[in-house]
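What follows is a single structure, written as structure tokens, with notes after it.
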Amino acid sequence: MQIYKRTFGTLTKHLYESIDIAYKAGSVAQEFCIKRSIHDNGIKVTKKEDTSPVTEVDKQLNEIIVNHLSKQFTDARVVGEESDLSTLEDVSKGMVFFVDPIDGTKEFIQNNGQWSVMIGLALDGEAHLGVVYIPSSDEMFFAVHGHGSYMMKSQISTEPEQRVAEPLCANNITDPSKVINLASRSHYDSRVELLMKKINANKQIQIGSFGIKAAYIASGRADMYVQASGKTSYWDTCGPEVILAEAGAVLLNYKKKRIKYEGTNTRNVDAMIAAPTSIIDKLHEAMCEVYDLKVEPKL
């Protein structure tokens, strides 16, 4: 499918601009990685208030993407991970872009290619558009609510009107023991091993980046990812959530609800799980048992 020859409803321009700027930002970061490899250069790393690392490239890409989207869509707010959020107002109303310039900063620092550029768009608190670009493999994953989920590979140097995308479809899996799990490279969680034992599954891929994990599930390369650290934010989940949903998968919190993008605190505090819709009920139940998560009954 030549994507620039079709429309994606009222968010067509929002999608095209998000894809284009994700390509540009990813190219800047990838060029930096190549230069590091050739010249064996280091990278300047500082710590944020939450002790997570941030690099000069995170900040550069954040500025590139936020400035571009702000100029293109003056009726939208653009919230970047590396932006000043001290005066952030409630994000539950209107159109809000969430930008993660480098999802997987620790992997970026290690220069192992397991990082992505992510852009999500929420309308009145619900995720409606997602873009995840993986520069190391030149794979662009994208989706708009109600219009399907797609992937373009090796299209960065192709003229926009000639870019070709293939539809994505998560695995139609029903046997928990056949699940391929995705484990974090940077945040080990021993409970994941207990969950794997409970569902009698033994296949696991260790990989960085929330966005890459979502892309793997949406494209059928894997089937489950549990995130229970309480350390993800709206820019980690907004884009991936749409890509998963439009491919026949879902991202739910332990209360079995989709994420609501609201308030001024952008942190996702609840444990969450991503999996194909065909098996989400079984895996969600197993996760809640292993992680001792109890949903209070409705009164």
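Positions of Cβ are set from backbone N, Cα and C atoms, glycine also.
Feature annotation from TrEMBL assigns Mg(2+) binding site to Glu81, Asp100, Ile102, Asp103, Asp236. Listed in sequence order, Ala29, Thr55, Val57, Asp58, Leu61, Phe108, Trp115, Ser116, Val117 are the same-chain residues six or more apart from Ile102 (Mg(2+) binding site) with CB atoms under 8 A from its CB. Reduced to three states, the DSSP call for Ile102 (Mg(2+) binding site) is strand.
For the Mg(2+) site, the Cβ centre of Glu81, Asp100, Ile102, Asp103, Asp236 serves as reference, and the other residues of the chain with Cβ at most 8 Å from it are Val99, Pro101, Gly104, Thr105, Ser116, Met118, Phe210, Gly211, Ser233, Trp235.
All protein chains included, Asp236 (Mg(2+) binding site) registers 24 other Cβ atoms within 10 Å of its own Cβ.
Each of the binding-site residues Glu81, Asp100, Asp103 was scored by the number of other CB atoms within 10 Å of its CB, and the largest score is that of Asp100. DSSP classifies Asp236 (Mg(2+) binding site) as helix under the three-state reduction.
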